[in-house]
C-alpha cells in the first residue's frame, strides 16, 4: 500500500475524532519568516521532497510525528528531543518507539536553516511545515501555515503515554482526552501511516477475552489481516497498512471502509457509534472535496495547540538537544 493512503487513514480518524473540541487561539501568523529567513519554507519543502522521492513512506511518518508532538505538550517540538542518561524522552515512549520515523528529515532541514538563518527558525515550525508538505506531496490540498512557534525544553516519555489516545479507545474516550488536554476547535488531525500487529491483534484472536474474532470486522478483511499477522507471532517489525482500499491515491476511501466494517482499530469503528460522527463519515465518503478542505483546516487548527510564542521556550540550534 502506498504512503498516500497510509497518510489519509490516520488523519481521517482524528479529523472526525476531535469534532467536538473547542476553539484554539494563538499568536502565530502566516509569513512569519518573510523577512527574517525568506527561504525557510522552501528549504523545508526541499528536504521533504528529497526524502519523499527516496521513500514515500516518510510522508506518513512526518504527519504522525506532528500529531504526536502537538498532543503531548502542544506543538513545541518536544517529540524531537533525544533521551539522556537522566531522562527518557517522548520519542522513546511506547506510543512512539519504534514507530515514529522521519527525524532525519527535520535534522537535515534544521542544519540547512542554521547555515543561512542561524537561531531563527524553530524546530516546531519546521515540523509543522514538513507535515503540510507531506500532505501536499501525497495528493492533498496545500495550505498556509501560521508560524512563530518556539521550542519547548521538556520532553517526558510518561506524558506521551498519558496524552496519546491508544487505538482501542472508543468515541467517548477519544473525545474526553481531546477535551481534557487541549483547547481545540471542531477539527484536528493525526497520522499513523502503518500499525504494528500487536496494536490490533486482540480483534483477530482474543476479542474481549473470548479467544475469538471481533464479530464487527468484515470477515474477508479479518482473514487478510490474519495472513499478515499470524497468531503468536513475536516479530516486533510486523506491520500492516492502515487502509485496505484505495492504495494509490489520496482519497476518501477510508470512510467507505469504515462504513463496510473494514476499520483496523476499534477507534475506527467507533466513528459509527454516534449519529453526529456517523453522518460525517457518510458525508466525507460522498464528498472528497469537503473532506480535503476540512482536512487542511484541521491541520491548521491542530498546529496551534498550546504553542509557545514570544519569549517562551527557545529556538533550538539542534532539534534533538535542548540549548545549553
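Cβ coordinates are placed from backbone N, Cα and C, and glycine is handled just like the others.
Taking Cβ-Cβ distances under 8 Å and a sequence gap of 6 or more within the same chain, the neighbours of residue 37 (disulfide bond) are 113, 116, 117, 120, 121. What TrEMBL records for 37-117 (among others) is disulfide bond.
Marked as site 'Transition state stabilizer' by TrEMBL: 64. Every protein chain shown contributes to the tally, and the Cβ of residue 64 (site 'Transition state stabilizer') ends up with 27 other Cβ atoms within 10 Å.
Look at TrEMBL and you will find 68 tagged as active site, proton acceptor. All protein chains considered, the CB of residue 68 (active site, proton acceptor) has 24 other CB atoms within 10 Å.
Under the heading disulfide bond, TrEMBL lists 70-75 (among others).
In the shown protein chains, 30 other C-beta atoms lie within 10 A of the C-beta of residue 123 (disulfide bond). As annotated by TrEMBL, disulfide bond applies to 123-319 (among others).
According to TrEMBL, the feature heme b binding site maps to 190.
For residue 197 (disulfide bond), the Cβ neighbour count at a 10 Å cut-off comes to 20, with all displayed protein chains included. The disulfide bond annotation in TrEMBL covers 197-229 (among others).
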Nonlocal neighbours by CB distance (under 8 Å) for residue 319 (disulfide bond), same chain, sequence gap 6 or more: 77, 80, 81, 106, 107, 110, 123, 126, 151
Winner by Cβ contact number (other Cβ atoms within 10 Å) across the disulfide-bonded residues 75, 229: 75
Candidates 64, 197, 229 (recorded positions) - the one closest to residue 70 (disulfide bond) by CA: 64
Disulfide-bonded residues listed as 70, 117, least Cβ neighbours within 10 Å: 117
Spatial neighbour of residue 229 (disulfide bond) that is closest, considering only the recorded positions 64, 68, 75 and their CA atoms: 64
Pairwise Cα distance for residue 197 (disulfide bond)/residue 64 (site 'Transition state stabilizer') [Å, integer]: 18
